[in-house]
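K.L.:
Straight out of Swiss-Prot:
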type    : residues                           : note
BINDING : 32, 33, 34, 35, 36, 66, 67, 68, 69 : NADP(+) binding site
BINDING : 68                                 : substrate binding site
């Protein structure tokens with residue numbers, strides 16, 4: 001199988017580290033502040049030009065379902 005010139009030759013694998021100034025950590029319980037309800041645990045993070053701090057949240061009600069949200073949309077719960 002041939003590779004195109006824009007393919008990644010060495011995929012990234014293994015552990016990654018949250019930024020040192022992250023608002024939430026892996027496993028923290030959070031919920032959306034408004035709009036459609038979503039509550040669960042932090043399972044990852046992301047950043048883009050428009051969202052410098054965002055999180056992946058796995059639903060407690062529907063295990064395996066994950067949504068991504070900017071930090072401003074989430075609040076910590078106990």
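Heads up, the Cβ atoms here are built off N, Cα and C, so glycines get one too.
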K.L.:
Out of 34, 67, which of these binding-site residues shows the lowest number of other CB atoms within 10 Å of its CB?
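P.N.:
Among the binding-site residues 34, 67, the sparsest Cβ neighbourhood within 10 Å belongs to 34.
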K.L.:
Between residue 32 (NADP(+) binding site) and residue 68 (substrate binding site), what C-alpha distance do you get in Å?
P.N.:
11
K.L.:
Give the distance between the Cα atoms of residue 68 (substrate binding site) and residue 36 (NADP(+) binding site), rounded to the nearest whole Å.
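P.N.:
Residue 68 (substrate binding site) to residue 36 (NADP(+) binding site), Cα-Cα distance: 13 Å.
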K.L.:
For a quick check of understanding: given the listed NADP(+)-binding residues 32, 33, 34, 35, 36, 66, 67, 68, 69, what is the maximum Cα-Cα distance in angstrom, as an integer?
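P.N.:
Farthest Cα pair among residues binding NADP(+): 17 Å.
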K.L.:
Could you tell me which three-state DSSP class residue 34 (NADP(+) binding site) falls into?
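P.N.:
DSSP assigns residue 34 (NADP(+) binding site) to coil.
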K.L.:
Please give me the CB contact count at 10 A for residue 36 (NADP(+) binding site), counting all chains in the structure.
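P.N.:
If we count other Cβ atoms within 10 Å of residue 36 (NADP(+) binding site), we arrive at 6.
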K.L.:
Which residues does residue 69 (NADP(+) binding site) neighbour through Cβ under 8 Å, counting only same-chain ones at least six apart?
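P.N.:
In sequence order, 32, 38, 54, 55, 57 meet the Cβ cut-off.
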